[in-house]
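Here's the structure, in structure tokens; my notes come after.
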Amino acid sequence: MSHQTNSSAGLTGTADSSLSSSVGEHPNAITNRFYTYERVEEIVGFIQKLVTTKPEIAIICGSGLGGLAELVTDKIVVPYADIPHFPRSTVVGHRSNLVFGNLNGLYVVCMQGRFHPYEGYTTATCAFPVRVMRMLGAHTLIVTCAAGGVNKGFSVGDIMLIKDHLNFPNLAGNNPLIGHNDERYHLFPGPRFPPVGHAYDRAYLLKMKEVAKKHNVELREGVYCGLGGPCYETIAEINMLRILGGDAVGMSTVHEVTLAAHCGFRTLGLALITNKCLSDYNTTYEPVHEDVIRISELKANELQQLIFDFVGFIKDHRT
Ligand SMILES: O=P(O)(O)O[C@@H]1C[C@H](O)[C@@H](CO)O1
């Protein structure tokens, strides 16, 4: 176990030291020991050698929604497998590429494939690409996901603007920001105790409503519940989420948005309702991932059009 007392608090970048805990940390803590400042810098440096234009918008593609990256022109595709220390997506419906290029007049980076805690990654690992994309220059994060409809008024195929979230892993002590708060992220250090009450940008949410109106798309708005997965929820869990004010449920997003708030991203969140949630013990229905992917792919064009136009708005209103 490392007991360094220098400013990096034991978070130096070698493979061996990455496995040891940092000062003040319980040896068994679930924390960010691997994606240290040094590793993130190395990854950012590697990508900058391949992609010389700074992206302004970062987009995370949810299950079955990777097609969004196909709208990007003058693409540079960087497979996760080529990036040092980068994890791989192991889930059907998630490719493993960073796609850079032009989307409706702005330079963007799309994560075609994200990481989930149920794949065996810590929440810090799942979220760390957000920090990478911020360090590459992006100021706006558009996060998309597939989700189950907790709100009984929602239908399969609805798109929900995420106005807030319930971060269950965080409530259980598993937040991606646990561990050393490294102040060497000089551009975007983020405080030790970051506020997340406005993690989803209100002005962006209102703008997306306008964009949707133009397209005659009726958007839902609500609270996304991020759970650990990989099980879909029990009937009792869905009933609990309803009582707590949840509208949609998924297995991603919350740790990404938490890190995004910490490093100063303005975030827009969109959840595609891909399935109903169990709420009756007499039903035989159960959610399945194949249906999640099928609905995502079916609705992908609509979602992509909204995001395309939203990016156009950012382009016209950036300072
Ligand atoms: O990556 P997202 O949150 O879009 O994917 C959801 C959650 C699980 O990964 C999967 C369950 O079907 O879809």
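Every residue gets a Cβ built from N, Cα and C, even glycine.
Annotations in TrEMBL come from automatic prediction, not curation.
Positions annotated as region 'Disordered' by TrEMBL: 1-24.
Positions annotated as domain 'Nucleoside phosphorylase' by TrEMBL: 56-309.
The annotation phosphate binding site is assigned in TrEMBL to S63, H94, R114, F115, H116, A146, S252. Taking the Cβ of F115 (phosphate binding site) as centre and 10 Å as the limit, one finds 28 other Cβ atoms among all the protein chains shown.
Taken from TrEMBL, the feature purine D-ribonucleoside binding site covers E233, N275. Counting every protein chain shown, 21 other Cβ atoms lie within 10 Å of the Cβ of N275 (purine D-ribonucleoside binding site).
Per the record's binding annotation for phosphate, residues S63, H94, R114, F115, H116, A146, S252 show a top Cα-Cα distance of 14 Å.
Ranking the binding-site residues R114, H116 by how many other Cβ atoms lie within 10 angstroms of each Cβ puts H116 at the bottom.
When each of the binding-site residues S63, H94, A146, E233, S252 is scored by how many other Cβ atoms sit within 10 Å of its Cβ, E233 comes out lowest.
Put simply, N275 (purine D-ribonucleoside binding site) is 18 Å from H94 (phosphate binding site) when counted between their Cα atoms. With respect to their backbone Cα atoms, S252 (phosphate binding site) and E233 (purine D-ribonucleoside binding site) stand 14 Å from each other.
Close to ligand 1, meaning a Cβ under 6 Å from one of its atoms, are these of the binding-site residues F115, H116, E233, N275: H116. Between the C-alpha atoms of R114 (phosphate binding site) and N275 (purine D-ribonucleoside binding site), the distance comes to 20 Å.
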